[in-house]
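Novice: Next up is a structure, given as structure tokens.
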Amino acid sequence: MTKYIFITGGVVSSLGKGIAASSLAAILEARGLKVTLTKLDPYINVDPGTMSPFQHGEVFVTEDGAETDLDLGHYERFVRTTMGRANSFTTGQIYENVIRKERRGEYLGATVQVIPHITDEIKRGIRLSAEGYDVALIEIGGTVGDIESLPFLEAIRQMRVDLGEERSLFIHLTLVPYISSAGELKTKPTQHSVKELRTIGIQPDILICRSDRPIPKSECRKIALFTNVQEDAVIASVDADTIYRIPALLHEQQLDEIVVRKLRLDAGPADLSEWHRVVDALQNPERSVTVAMVGKYVNHSDAYKSLSEALVHAGIHTRTRVDIRFIESEEIEDHGTGALEGVDAILVPGGFGERGIEGKIAAVKYAREHRVPYLGICLGMQVAVIEFARNVAGLEGAHSTEFLPSSPHPVIALITEWKTEAGGIEYRSGDSDLGGTMRLGGQKCRLVPNTLAHATYGKDVITERHRHRYEFNNHYLKTLEAAGLRVSGKSLDGRLVEMVEIPEHPWFLACQFHPEFTSTPRGGHPLFSGFVRAARARSEGTSPPESGGAQP
């Protein structure tokens, strides 16, 4: 039967509950257990799909097309389980489900209330996400004390009663701040956070105490005494140089052993050799390169979280330190392309809206004319097509209908219909809702032989995740190909262009999908590894090597 680990956070937000949960899951997986993780978000949005990246960070897309919290990206990067829409739900989804049931009469005339109807729906979602696994780690978003989190905390309190101590475990993540004026670490915020949790009816079994410096044993004993937690279950989590070292650090403090003992799990010893190799590759690069990432959300690091991590993964698998130079696309519009000088490669990521679009197009032009390795992702492919159409194919005024509906040459246009993986047809128009109406999730793409794309992946058909509603306009296909653009990947039905490249360029590749969502530190991703190899070749003054696979 599935065992449940509930992870809450206190004192302040952004303590790293997702990293802590992912790291523990990685250790348990390394001990031979089948694990999954689920994120419960207290906001009323149905999903983060329409939320600003400045507020929420990136939207992570699962294989089955769910738009989710970026923590699911951490989950997939740390464990081999593929997450889906069952692994993420929000207050908005819970209330939507309950109201739908009430309208159908499923509550038989009862007064619908937070308890039991909302809490029962939360528990149903948790159990559904955990089916078939040895251990399910459930992360509760927000901070203990927030009014929004109360229904979720009440639901997991009830689950502890239902499951008992041998099938459920509470881990509470807190902050132990250092007060420089006093020269001391302060445990009082942790004590009050646990007190707040206990007033709800939850007694944590384990505390993970975040700090920017080592926490003395005396302070851990003090925390244990005032929070009613066993002393060996007070885990100090000190800031690490890389998140991929955290599984080993938590294992050294026997966090997994405490979990195995309390839940009476049948687990072997942990084999963390893969994580040791990852950290070793990060610590001992053979070369460094600088990649310019030209976007519109670069002042908020979480907006491109998976993309930044994918470049780190490529560095791991090519023994290269990848330094990312974040460049605001509006800066290029205002001050020119000087910020791109000296970089070894240029990447333009996905995005929405007209702001900064001409800066991205200018970055593509710089990469093409200066023969700098270029990788375009989603919107990065669209601006590559626009730039090529304007400046190589001579289509003056070429644009996307997303930004200029009256463009004389709409080389990028709204997808009005497409075939899903299940074989059905999806239809969209300009009047469709913004939320949940894009081409989402894993889609197959057929690669053209003898292209850079095919050499990079080393296979004929790939599956990558999508999140877009605009596409290459096939009416301009022949014109652009005649001018030298190469279409190197299409949807299986041949109707949607998925990858383009410029054969005359040392390394110029753009894709409509988001390869960063499937990159992992242990497995890498062939597209990013090929991109970083091309950056290394430029840095070393050599020709890019023949691409092929994620491994060095």
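Quick reminder: no glycine exception, Cβ is built from N, Cα and C everywhere.
Keep in mind it's a predicted model, so treat the numbers as computed, not measured.
What Swiss-Prot shows for this protein is this:
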REGION    1-265  region 'Amidoligase domain'
BINDING   Ser13, Lys186, Thr187, Lys188, Pro189, Thr190, Gln191, Lys222  UTP binding site
BINDING   Ser13, Asp146, Ile147, Glu148, Lys186, Thr187, Lys188, Pro189, Thr190, Gln191, Lys222  CTP binding site
BINDING   Ser14, Leu15, Gly16, Lys17, Gly18, Ile19, Asp71  ATP binding site
BINDING   Asp71, Glu139  Mg(2+) binding site
DOMAIN    290-541  domain 'Glutamine amidotransferase type-1'
BINDING   Gly351, Leu379, Gly380, Met381, Gln382, Glu402, Arg469  L-glutamine binding site
ACT_SITE  Cys378  active site, nucleophile
ACT_SITE  His514  active site
ACT_SITE  Glu516  active site
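Can you tell me where each of these features sits in this structure?
Specialist: For Lys222 (UTP binding site), the count of additional Cβ atoms within 10 Å of its Cβ stands at 17 [all protein chains shown].
Over all protein chains present, the Cβ of Lys186 (UTP binding site) has 14 other Cβ atoms lying within 10 Å. A coil conformation is recorded for Lys186 (UTP binding site) in the three-state DSSP classification, outside any helix or strand.
DSSP classifies Leu15 (ATP binding site) as coil under the three-state reduction. Taking all protein chains in view, 19 other C-beta atoms sit within 10 angstroms of the C-beta of Leu15 (ATP binding site).
The 10 Å shell around the Cβ of Asp71 (ATP binding site) contains 26 further Cβ atoms across the protein chains shown.
Secondary structure from DSSP puts Leu379 (L-glutamine binding site) in a helix. For Leu379 (L-glutamine binding site), the same-chain residues lying six or more positions away in sequence with a CB closer than 8 A to its CB are Val348, Pro349, Gly350, Gly351, Phe352, Lys360, His468.
Its own atom aside, the Cβ of Cys378 (active site, nucleophile) has 23 Cβ atoms within 10 angstroms in the protein chains shown.
In the shown protein chains, 24 other C-beta atoms lie within 10 A of the C-beta of His514 (active site).
Annotation note: Glu516 (active site) sits in a helical segment as assigned by DSSP. Applying an 8 A CB threshold to same-chain residues 6+ apart, the list for Glu516 (active site) reads Ser306, Leu307, Glu309, Ala310, Ile377, His525, Phe528.
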Novice: Tell me, by DSSP, whether Gly351 (L-glutamine binding site) is helix, strand or coil?
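Specialist: SS state of Gly351 (L-glutamine binding site) = coil.
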Novice: Of the binding-site residues listed here (Ser13, Lys17, Asp71, Glu139), which is spatially closest to Gln382 (L-glutamine binding site) when Cα positions are compared?
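Specialist: In terms of Cα distance, Gln382 (L-glutamine binding site) lies closest to Asp71.
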Novice: Cα-Cα, whole number of Å: Cys378 (active site, nucleophile) versus His514 (active site)?
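Specialist: For Cys378 (active site, nucleophile) versus His514 (active site), the Cα atoms are 7 Å apart.
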Novice: With a 10 Å radius around each C-beta, find which of these binding-site residues (Gly18, Pro189, Gly351) has the fewest other C-beta atoms nearby.
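Specialist: Lowest Cβ count within 10 Å among the binding-site residues (Gly18, Pro189, Gly351) is Pro189.
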Novice: Just how many other Cβ atoms lie inside 10 Å of the Cβ on Thr190 (UTP binding site)?
Specialist: 26
Novice: Tell me, how many other CB atoms lie within 10 A of the CB of Lys17 (ATP binding site), whichever protein chain they belong to?
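Specialist: There are 25 such Cβ atoms around Lys17 (ATP binding site).
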Novice: Taking the Cβ of Ile19 (ATP binding site) as the centre, how many other Cβ atoms fall within a 10 Å radius?
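Specialist: Step by step: centre on the Cβ of Ile19 (ATP binding site), count other Cβ atoms within 10 Å, giving 20.
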Novice: Expressed to the nearest Å, what is the distance separating Gly380 (L-glutamine binding site) and Pro189 (UTP binding site) at their Cα atoms?
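Specialist: On Cα coordinates alone, these residues lie 45 Å apart.
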